[in-house]
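What TrEMBL annotates here:
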type    : residues                                                       : note
BINDING : Gly108, Gln109, Thr110, Gly111, Ser112, Gly113, Lys114, Ser115 : ATP binding site
DOMAIN  : 22-256                                                         : domain 'Kinesin motor'
Amino acid sequence: MSLTRHFKLLYAESLPEVMMESVKVVVRCRPLNDREKALSCKMVLSMNLQRCQCFIEKPGAVDEPPKQFTFDGTYYIDQTTEQMYNEIAYPLVEGVTEGYNGTIFAYGQTGSGKSFTMQGVSEPATQKGVIPRAFEHIFESIQCAENTKFLVRASYLEIYNEEIRDLLGSDAKQRLELKEHPERGVYVRDLSMHTVHSVGECERIIEKGWRNRAVGYTLMNKDSSRSHSIFTIHLEICSTGELIISLSSLYLFSLC
């Protein structure tokens with residue numbers, strides 16, 4: 001049994017309830033990096049994973065109780081991207097394959113681990129990022145679907161210095177404009193759409209866009225992109241013998 005089919009069975013009854021929850025906020029803590037270790041920095045964050053609570057200590061204030069915050073999910077330094085994806089992202093991406101829109105975005109200051117969570121690393125496999133996992137999830141779902149046809153397209157843009165650029169267009173420096181349509185809603189005019197047929201094609205497209213992103217050195221991260229990016233997977237879903245086409249999109253944000 002494939003991983004996707006296994007999780008389809010697990011979530012078959014709970015998916016409608018999950019989709020009714022509009023927004024979930026999850027916190028992930030990364031370990032100290034080499035720079036922080038060299039500066040003898042101290043971890044001031046602890047978590048109660050069962051209660052999804054974070055506790056932040058004030059350095060030097062021994063008698064002051066830590067500040068407490070509660071979220072929809074908490075993931076400490078020893079937990080993997082795989083675990084986080086299966087618990088948080090899987091139901092949302094599964095909903096996209098069934099005609100719902102979904103958004104996953106990472107937010108944090110430079111060096112906080114957004115790229116590690118969204119892009120990930122190839123080894124170990126448990127730390128593969130949210131984006132490549134979503135690619136695999138969608139195409140496995142397509143393979144498992146019976147009597148259903150899918151059209152998958154992708155777009156990739158960045159927002160840099162208040163300007164929108166198409167990272168996959170013929171001219172990556174061209175400034176694009178936001179427009180509003182009575183049926184489509186807000187959209188980016190002239191943003192290119194690319195049909196994809198496999199996980200490999202998605203990966204090649206996102207790598208092309210990543211190379212076109214604006215990069216600027218900072219003291220905290222020499223590879224900081226210094227821009228917001230939105231990679232979108234657009235699905236058109238049609239059951240065999242029906243004329244109705246369902247449209248859904250998965251928006252994958254990285255916000256600096």
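Each residue, glycine too, has its Cβ placed from N, Cα and C.
Because TrEMBL annotations are produced automatically, they should be read as predictions rather than curated entries.
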Cβ packing number for Lys114 (ATP binding site), 10 Å threshold: 22
Local confidence of the prediction over the domain 'Kinesin motor' (22-256), expressed as mean pLDDT: 89
Helix, strand or coil at Ser115 (ATP binding site) [DSSP, three-state]: helix
Surrounding CB atoms that lie within 10 Å of the CB of Thr110 (ATP binding site), all protein chains: 15
Around the Cβ of Ser115 (ATP binding site), the count of other Cβ atoms that are within 10 Å: 19
Among Gln109, Ser112, the most crowded of the binding-site residues [Cβ within 10 Å]: Ser112
Which same-chain residues, if any, lie at least 6 apart from Gly108 (ATP binding site) yet have Cβ under 8 Å of it: Lys114
Per-residue Cβ crowding (10 Å cut-off), top of binding-site residues Gly111, Gly113: Gly111
